[in-house]
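Visitor: One structure, as structure tokens, below. Some questions next.
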């Protein structure tokens, strides 16, 4: 009995030992499999996974590229649509073109008090207001010759008005479009002219600066006429010269033509950076470059100017002017091309109206960099004015 049970017990022990060893090996195999998976995970994706990631990246890049192209096409269509719409808008609303010519809504420099010219370094200047018409008020600056700057301190408007009757000549300055009578380059010119012994009277046309009214060529010309008559009523026999710059040359020739027709011409006319007429100037202006070869350019852009009553026909006016004429123009003028100033001189020089008066054209080389509004910087300007205005009596010179 004992012998029979002993083998059974031994067999059970062997089964138990083998079972425990197989269980241990299974656990060990499981642990090894887990470690292998962990190592594969830490090592990164397998060879198939990079291909999937690369494909996904390419798809995202293509999607972004397509989105960018779509946005660029959309912007391009908007730009082209706007480019095509502007000519029709200007044709339908000619007042827009008038605004672009006058630019009276552009007030630079900003935040200056036009009632205080001394803030701009003009401590011998008086500000006052004239009223040429009902509902129209003009802001005026009167700068006396620099030699009087001490005497001018604290003086009132009456003193300045009386000073016009002194022995110093007077320049009525008519500025161009945009800005005000307090523009930087304009103030610098006043200082130069004042240092040369001139009274300088300047003003903002109706609708400019602190002047009240609606801009128009007729209105601007009448404003200039009113200020001229105001000066002549106070200046006695002192010479009065008229100086126009850029768009102000159009006002100046309108004014002087009218003065000559009523036989009260100024002593001389000075045109700085002049054009022939507003149509030619508009066609030559840098802003017109992108439309210059647009089909129907004249019909879309130039005819609305004429229909608005804006001409500024310097080329016609000079044929009816009977006083000495000086034209100043920089060769590198980017706003009013030099050839327009030369063309105006070529029209004026042989005109019968100037047969007893001087007509002179002074070019400034492009290397000097005076461009459109910096001729006042020329060290030759005092000599040019002295020689021209000092001999402005009849006796034609070219």
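The first residue you see is number 1, and the count goes up from there.
Including glycine, each Cβ sits where the backbone N, Cα and C put it.
On a predicted model such as this, the values are computed, not experimentally measured, just so you know.
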Visitor: Pick from 22-44, 45-67, 68-90: which stretch is listed in TrEMBL under transmembrane segment?
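Guide: When 22-44, 45-67, 68-90 are checked in TrEMBL, transmembrane segment belongs to 68-90.
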Visitor: Determine which residues of the chain contact the transmembrane segment (68-90) at the Cβ level, with the cut-off under 8 Å and only residues 6 or more beyond its ends counted.
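Guide: Sequence-distant neighbours of the transmembrane segment (68-90): 96-97, 290-291, 294, 296, 300-301, 304.
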Visitor: Count up the helix, strand and coil residues in the domain 'AB hydrolase-1' (169-274) according to DSSP, in that order.
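Guide: Helix (H, G, I), strand (E, B), coil: 46 helix, 22 strand, 38 coil.
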Visitor: Looking at the domain 'AB hydrolase-1' (169-274) alone, can you tell me the average pLDDT?
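Guide: Result for the domain 'AB hydrolase-1' (169-274): average pLDDT 97.
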